[in-house]
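Quick notes on the structure that follows.
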Amino acid sequence: NGSSVKEFVLLGLSMNQGVQKICFVLFLFFYVITVAGNLLIVITVISSQGLNSPMYFFLSCLSFVDICYSSVTAPKLIADFLVQNKTISFVGCIAQLFGVHLFACTEIFLLTAMAYDRYAAICRPLHYPTLMSRQTCGRMVMGSWLGGFVHSLSQTLLTTQLPFCGPNKIDHYFCDVHPLLQLACADTYALGIVVVANSGMITLSCFFILVVSYVVILGSLKSQPSKGWHKALSTCGSHITVVILFFGPCTFIYIRPASSLAEDKSVAVFYTIIAPMLNPLIYTLRNEEVKSAVRRLWSR
């Protein structure tokens, strides 16, 4: 577009030099754990014959998305802790915006697909092989990526149509829609409502589906003995924990209009850095089959 701004300045999480050095070590550790943990799950699921069920197929896809998702924001954040001039080009900013929404929305749809998989496995076990065939799982994953791409493209196109003539300081550690709307040299109220409606509709509708699926699952377990309860909850507990960690902060950020709250970027750390790091730990620590497969892989 015709914007005069060619680059943006990311103010980051803190302006204190001492805090930045501590954050550099801390977030570098987080990123290494995120990539290593999720990559381990992907390799384990691919190489293990015993982990060929739809649940582990979705888990490997989720881990791959988490690697991509954290890599969009974490390397730039870590590098900025060491430099005084935290700039990002206009094109780089838009690319980061596209990547964040692509992988975040894809993860939301994948978590929803995983909830349906648990519903089919627990509530309709006799029909499970038919309902969750390999072709069906592949279509669900492709649909998740397509949905994420369409959402991200719409958010990016709406943002790039705005004129930016200064100031160019973004009070955040990555380029997102809300901070950019505040810098636009135009009335962005209507566009802000569209952005909130778009992101909020996806987040709330998927969260509603997740809640309904687990209500149905818990309702179907009433007639089962306590052993069935424990087995079902062990397979669903990890997924519920991941959903809460991811959907909670996302809902706080994207379901309301843009604001100047300093807490926004602190909350964003949870769904861009912390959640992708904890996902492999949550799934491996609560799943004996995954832990056994990791041990066999390590011994080989």
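Every residue number used here counts from 1 along the chain in the order it is shown.
In case you wondered, yes, glycine gets a Cβ from its N, Cα and C as well.
Here is what TrEMBL records for this protein:
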{"type": "DOMAIN", "residues": "37-283", "note": "domain 'G-protein coupled receptors family 1 profile'"}
{"type": "TRANSMEM", "residues": "22-43", "note": "transmembrane segment"}
{"type": "TRANSMEM", "residues": "55-78", "note": "transmembrane segment"}
{"type": "TRANSMEM", "residues": "90-116", "note": "transmembrane segment"}
{"type": "TRANSMEM", "residues": "189-221", "note": "transmembrane segment"}
{"type": "TRANSMEM", "residues": "233-255", "note": "transmembrane segment"}
{"type": "TRANSMEM", "residues": "267-285", "note": "transmembrane segment"}
Recorded stretch, among 22-43, 90-116, 267-285, maximising Cβ pairs under 8 Å relative to the transmembrane segment (189-221): 90-116
Top partner of the transmembrane segment (90-116) among 22-43, 233-255, 267-285 - counted as Cβ pairs under 8 Å: 233-255
Close approaches to the transmembrane segment (22-43) from elsewhere in its chain (Cβ under 8 angstroms; 6 or more beyond its ends): 13-14, 59-60, 63-64, 66-67, 70-71, 74-75, 77-78, 81-82, 273-274, 276-277, 279-281, 283-284, 290, 294, 297
Contact set, same chain, for the transmembrane segment (267-285): CB under 8 Å, 6 or more residues outside the stretch: 13, 27, 30-31, 33-34, 37-38, 40-41, 59, 62-63, 66-67, 69-70, 73-74, 77, 100, 104, 172-174, 176, 238, 241-242, 245-246, 248-250, 252-253, 291, 294
Average model confidence [pLDDT] within the domain 'G-protein coupled receptors family 1 profile' (37-283): 84
